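K.L.:
What follows is a single structure, and I will ask about it in a moment.
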Amino acid sequence: MYPAPDMSLWQGRIDSQEGADARRWHQWMRPYADDAEAASVLLGFASDEGVRRNQGRQGARHGPPALRRALANLAWHGEQAIYDAGDIVAGDDLEAAQECYAQRVADLLARGHRVVGLGGGHEIAYASFAGLARHLSRHERLPRIGILNFDAHFDLRHAERASSGTPFRQIAELCQASDWPFAYCCLGISRLSNTAALFDQAQRLGVRYLLDRQLQPWNLERSEAFLDSFLQSVDHLYLTVCLDVLPAAQAPGVSAPSAHGVEMSVVEHLVRRAKASGKLRLADIAELNPQLDSDQRTARIAARLVDSLVN
């Protein structure tokens with residue numbers, strides 16, 4: 001049994017005088033049930049154990065409810081159903097929580113839903129990919145899964161235990177064990193936040209990436225072409241946004257704020273472009289830490305990105 005969602009988080013303004021089209025997220029959201037029609041499903045991963053292990057600033061375990069509150073009062077422009085499937089809560093046993101989340105993702109995908117994960121530290125990424133891989137392996141012997149990560153960090157660290165700094169190395173190892181290609185594209189890499197050893201590791205693994213300074217509004221055509229080339233090489237897409245890819249002024253509520261970062265307008269545009277490819281199967285938003293946020297700026301950014309993925 002999975003815990004029921006806390007529907008009390010879905011509260012906000014009601015514009016009844018404006019008619020039926022004056023809808024907001026909190027009015028449209030429904031608790032998930034196994035007989036629900038295929039639609040978008042929000043699934044939280046309330047964890048910052050990976051952040052703690054990675055020597056970061058804790059608080060991301062409070063991200064999922066903060067993100068729901070930020071979503072609740074947004075105008076709803078969709079027609080399809082949307083459901084809240086609650087949170088997988090991680091304590092000290094991160095690995096068990098990742099397994100639980102992966103199985104939940106696989107089950108939801110098997111029922112035809114598109115899952116949007118709400119983090120939580122970026123340790124959500126390994127759990128998300130594992131769930132997608134589990135689902136696709138039931139139908140394809142050699143699925144070509146692309147991983148699109150908007151992030152200031154490669155997250156390819158070597159460590160004795162899983163953390164928020166290791167998920168894509170773990171995914172690479174999972175792909176190697178399954179004899180699958182490791183197709184990883186990272187947009188927004190900070191040269192000063194990744195050691196030479198991590199750049200070497202990325203090169204060995206064939207990671208495609210663009211630096212934060214290359215992802216500029218005035219250089220959008222190059223970024224689009226880079227993304228399109230990656231999307232053409234895969235059949236299925238897992239998209240993850242680590243909020244520290246954004247400038248600290250836009251997203252202060254993360255463990256490791258970016259001095260440079262990539263503007264929200266660029267990130268949102270490329271997220272929408274990836275979604276429009278028709279290959280998106282699973283997405284998540286990671287590293288929202290409301291304890292470090294200022295005036296809910298980061299939560300609002302995260303909510304807008306979730307809306308971009310859903311509507």
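Cβ atoms here come from the backbone N, Cα and C positions, even for glycine.
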K.L.:
So Swiss-Prot lists His122, Asp151, Asp155 for Mn(2+) 1; which of Cys185, Cys242 goes with them?
P.N.:
Cys242
K.L.:
At a 10 Å cut-off from the C-beta of Asp151 (Mn(2+) 1 binding site), count the other C-beta atoms across all protein chains.
P.N.:
29
K.L.:
Work out how many Å separate Asp155 (Mn(2+) 1 binding site) and Asp244 (Mn(2+) 2 binding site) at their Cα atoms, rounded off.
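P.N.:
One finds 12 Å between the Cα atoms of these residues.
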K.L.:
Taking 10 A as the limit, how many CB atoms besides its own sit near the CB of His153 (Mn(2+) 2 binding site)?
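P.N.:
His153 (Mn(2+) 2 binding site) is surrounded by 25 other Cβ atoms within 10 Å.
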K.L.:
With a radius of 8 angstroms around the mean position of the C-beta atoms of His122, Asp151, Asp155, Cys242, what other residues of the same chain does the Mn(2+) 1 site pick up?
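P.N.:
Leaving out the recorded residues gives Ala125, Asn149, Ala152, His153, Ser164, Pro167, Phe168, Thr240, Asp244, Val245, Ala286, Glu287.
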